[in-house]
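A.B. asks: Quick one: the structure is below, questions incoming.
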């Protein structure tokens, strides 16, 4: 020990202090389900991906039941471009035809999903890759998106093709995996009762899974630090009512609106709390769950 430099001792002491201070939070989440939506630019960074996998492994070792739901939009766009498949857009939304949904399923369920599974397994845990089709876990229906036509100022329904929303969730498989000490990693692909395959927004998919399981927490790893006030500062905690008011007064705007609305729907569906946090930082999951002040914006009922 005499050979260890003082700064090394300081680092070790800080690590020990963190572990000690984390104990009550580990106890708080023991045997609880935490759904983590993994997405954003962090997915394209190997070092952050490995850190994320280690965090998930640590959650499992701490007695938490983590469930990972992932997206993969940038990789899908990249693959479509490589394959020479052009995308068509309606009011800024991608139309997913039969050819594109096959590529989406290949990329999400066949490529990205298995990469995340491999990273978690490399940390000594048992992760298993799934999508909504497995065990009839999720059934979807076609999304009917209504927009205002700028020319006529009247409503019209967009046909986005094979874009769906979850309407039925059977938790049997997920409950079984929790009892068998496995970590589910789920791609947001699901069948419809019509026999077709649907691509589902990963945020909405994660919210539906978390609601069906009455999860203790749903974490959205994003490219932003949380919900910001008008001065650009992170709001540490919001109630559903406060979040709705911030949408009304324009504080919450743009792409953050559908994300916060998904948080609200998840809470109304049975989730105790939903957190929006920055997935581009080191160990955001541990900082949120195992520290006093958390790492993002917590939305509660």
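Glycine residues also receive a Cβ, built from the backbone N, Cα and C atoms like all the rest.
Copied straight from Swiss-Prot:
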- 37: site 'Transition state stabilizer' (SITE)
- 72, 73, 94, 199: substrate binding site (BINDING)
- 259: site 'Transition state stabilizer' (SITE)
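Can you walk me through where each of these features ends up in the structure?
C.D. replies: Under DSSP, residue 37 (site 'Transition state stabilizer') is assigned to a strand (E or B) in the three-state scheme. All protein chains included, residue 37 (site 'Transition state stabilizer') registers 30 other Cβ atoms within 10 Å of its own Cβ.
Every protein chain shown contributes to the tally, and the Cβ of residue 72 (substrate binding site) ends up with 25 other Cβ atoms within 10 Å.
Secondary structure from DSSP puts residue 259 (site 'Transition state stabilizer') in a helix. Around the Cβ of residue 259 (site 'Transition state stabilizer'), the same chain contributes 203, 220, 222, 276, each under 8 angstroms and 6 or more positions distant in sequence.
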A.B. asks: Please state how far apart, in Å and to a whole number, the two most distant Cα atoms are among 72, 73, 94, 199, the recorded substrate-binding residues.
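C.D. replies: The substrate-binding residues span at most 14 Å between Cα atoms.
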A.B. asks: What's the CA to CA span in angstrom from residue 73 (substrate binding site) over to residue 37 (site 'Transition state stabilizer')?
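C.D. replies: Here the two Cα atoms lie 13 Å apart.
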A.B. asks: Do you know offhand how many angstrom separate residue 94 (substrate binding site) and residue 37 (site 'Transition state stabilizer') by C-alpha?
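C.D. replies: Roughly 21 Å, rounded to the nearest whole number.
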A.B. asks: May I have the list of same-chain residues other than 72, 73, 94, 199 whose Cβ is within 8 Å of the Cβ centroid of the recorded substrate site, in sequence order?
C.D. replies: 71, 76, 77, 96, 104, 108
